[in-house]
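Input: a single structure, listed below in structure tokens.
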Amino acid sequence: MSPCGRARRQTSRGAMAVLAWKFPRTRLPMGASALCVVVLCWLYIFPVYRLPNEKEIVQGVLQQGTAWRRNQTAARAFRKQMEDCCDPAHLFAMTKMNSPMGKSMWYDGEFLYSFTIDNSTYSLFPQATPFQLPLKKCAVVGNGGILKKSGCGRQIDEANFVMRCNLPPLSSEYTKDVGSKSQLVTANPSIIRQRFQNLLWSRKTFVDNMKIYNHSYIYMPAFSMKTGTEPSLRVYYTLSDVGANQTVLFANPNFLRSIGKFWKSRGIHAKRLSTGLFLVSAALGLCEEVAIYGFWPFSVNMHEQPISHHYYDNVLPFSGFHAMPEEFLQLWYLHKIGALRMQLDPCEDTSLQPTS
């Protein structure tokens, strides 16, 4: 038995001893006995773990420093893990090869709903994953406020393949910090509902907004939740009808589910992983080199100065939906072992930039 197993058994026995000591001659009701068993089993399976708070994490990063050296062995080992668990090369997107006509699939974010691939959806899929694999040098760009005044735009645009999250603004006021290049951009159905009224009245506005992404793939989780399917299909038809440069790819729910299980087995307990972690996971399986930017979910920067939540606004997410500190710690670990590079310091000297 492992030391962890022995410790858990000792914890359970200790709890039983406390109950016996406090109630030496008291017989617990049947319901209370069952509840005690459930609690003790829970403690055995999920021992108590306290996640470091924001200040502790920031201090830990400062103490360890951001110095980095690429570890080809670690990168290959993690890529192999991604291939074994999730097969991003074949399952990253819905294709005619992995989603044939008549196949039944489950929504990855709902347990009660499934769907069947019919002619109306099958015709929207590419024959296979449309990338020349492996991708060489990838940049995954989050939207964290740490990017503001970072001067990382040029470095980001030097990557061969740039992935971005949730249709971020790329206007000229931001390009010095976040770049302008993109090959793949995610778009959650919730964004289509909130910003573009489900494309019921604002198709032109949507098409105009998409032009900044040039020839990017628009990656959408159309089959994660049943409510997301219709908005995602509208995006596909809208861009197709106007002959837009962008191409819609639908995330394969089996891939998303596998990624979720992979990270849950490594200690991330959340209702759902963030879009950023999904993208980084895919990049680690598809790319030879991965650098990530804007993945800093804290309210202060590396100099412990206050920063906005996003580089373009300070709108906070709903609490409890994602486990951002846990995700950060996992990515920070991959940075420290050299499997990916996490950019936290400014890329260029921005001290002479005028303040806004």
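Don't overthink the numbers, they just go from 1 along the chain as shown.
A Cβ is built for glycine as well, from the same backbone N, Cα and C atoms used for every other residue.
Among the candidates ASN143, ASN198, ASN245, the one that Swiss-Prot lists alongside ASN166, SER274, THR275, GLY276, TRP296, HIS310 as binding CMP-N-acetyl-beta-neuraminate is ASN143. When you check Swiss-Prot, the disulphide partner of CYS152 from the set CYS4, CYS347 turns out to be CYS347. Put simply, of the recorded positions CYS138, ASN143, THR275, TRP296, HIS310, the one whose Cα is nearest the Cα of ASN119 (N-linked glycosylation site) is THR275. Taking CA atoms as the reference points, ASN214 (N-linked glycosylation site) and CYS287 (disulfide bond) are 22 Å apart. Cα separation, ASN166 (CMP-N-acetyl-beta-neuraminate binding site) to CYS347 (disulfide bond), rounded: 23 Å. Note on proximity: among ASN71, CYS138, CYS152, ASN245, CYS347, the recorded positions of the record, the Cα nearest HIS310 (CMP-N-acetyl-beta-neuraminate binding site) is that of CYS152. THR275 (CMP-N-acetyl-beta-neuraminate binding site) has CYS138 as its nearest neighbour among the recorded positions ASN71, CYS138, CYS152, ASN245, going by CA to CA distance. Checked against TRP296 (CMP-N-acetyl-beta-neuraminate binding site) by C-alpha proximity, the recorded positions ASN71, CYS138, CYS152, ASN245, CYS287 yield CYS152 as the nearest. The Cα of CYS347 (disulfide bond) lies closest to that of ASN143, out of the binding-site residues ASN143, SER274, GLY276.
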